[in-house]
Amino acid sequence: MKSDRGVRWLALGALFVALWCGSAQAAGKEATATFGGGCFWCLEQAMDKLPGVLSTASGFMGGHVADPSYKQVSAGGTGHVEVVQVRYDPTQLTYYALLNHYWRNIDPLQANGQFCDHGPTYRSVIFTHTPEQEREAKKSRMALEDDKPFPGEIVTQILPAGPFYPAEEYHQDYYQKNPIRYNYYKFRCGRAQRLETLWGKENLAH
């Protein structure tokens, strides 16, 4: 028969192992979020800046054609939205904080497009991957409705995530591969100017 001291040591050892395993799992944990916010080049750059973001990918979601090309999506008829899929560490970055950053990088008042890009392919959408993300997204949108620094109705959709199809390789990290063309496009599109009008210079997150 084991002594009380031995039993206590065994119990403490088991507790230590359980805590260590839980910490190791938390440290290696990853989560996925997907956002539509106009041109995916610009939204990818914005998301890459956040501490806790592990990687981003430009692509398409929400359509009815499997593995579409950029040309197909741009032509219309596939039903897809240009999106950025974000892999992040939830121990460093909460989904709610990610949502707040997202809002300040889009025009939530603009229906059927974003900035100079028009059409359903460019509309603003939060694609949720879990019931918890859906609750957080709705809570975040409601909070923005109550405290937004501009008049107008928020038209950003909240939809369940579907299959994600990465865009062609030349679209990935476009702002890094082609900085001159990217910055020219972004300026001509009026993205930064519109965001400053909506949010105020001090509140910009882009």
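Placement of Cβ uses the backbone N, Cα and C atoms for every residue, glycine included.
TrEMBL: automatically predicted annotations, no manual curation.
Here TrEMBL flags 1-26 as signal peptide.
Per TrEMBL, domain 'Peptide methionine sulphoxide reductase MsrA' is recorded for 32-183. Model confidence over the domain 'Peptide methionine sulphoxide reductase MsrA' (32-183) stands at 97, taken as the mean pLDDT rounded to a whole number.
According to DSSP, CYS39 (active site) is assigned to coil rather than to any helix or strand. According to TrEMBL, the active site annotation covers CYS39.
Applying an 8 A CB threshold to same-chain residues 6+ apart, the list for CYS39 (active site) reads GLU82, GLN114, PHE115, ASP117, TYR122, TYR185, CYS189, ARG191.
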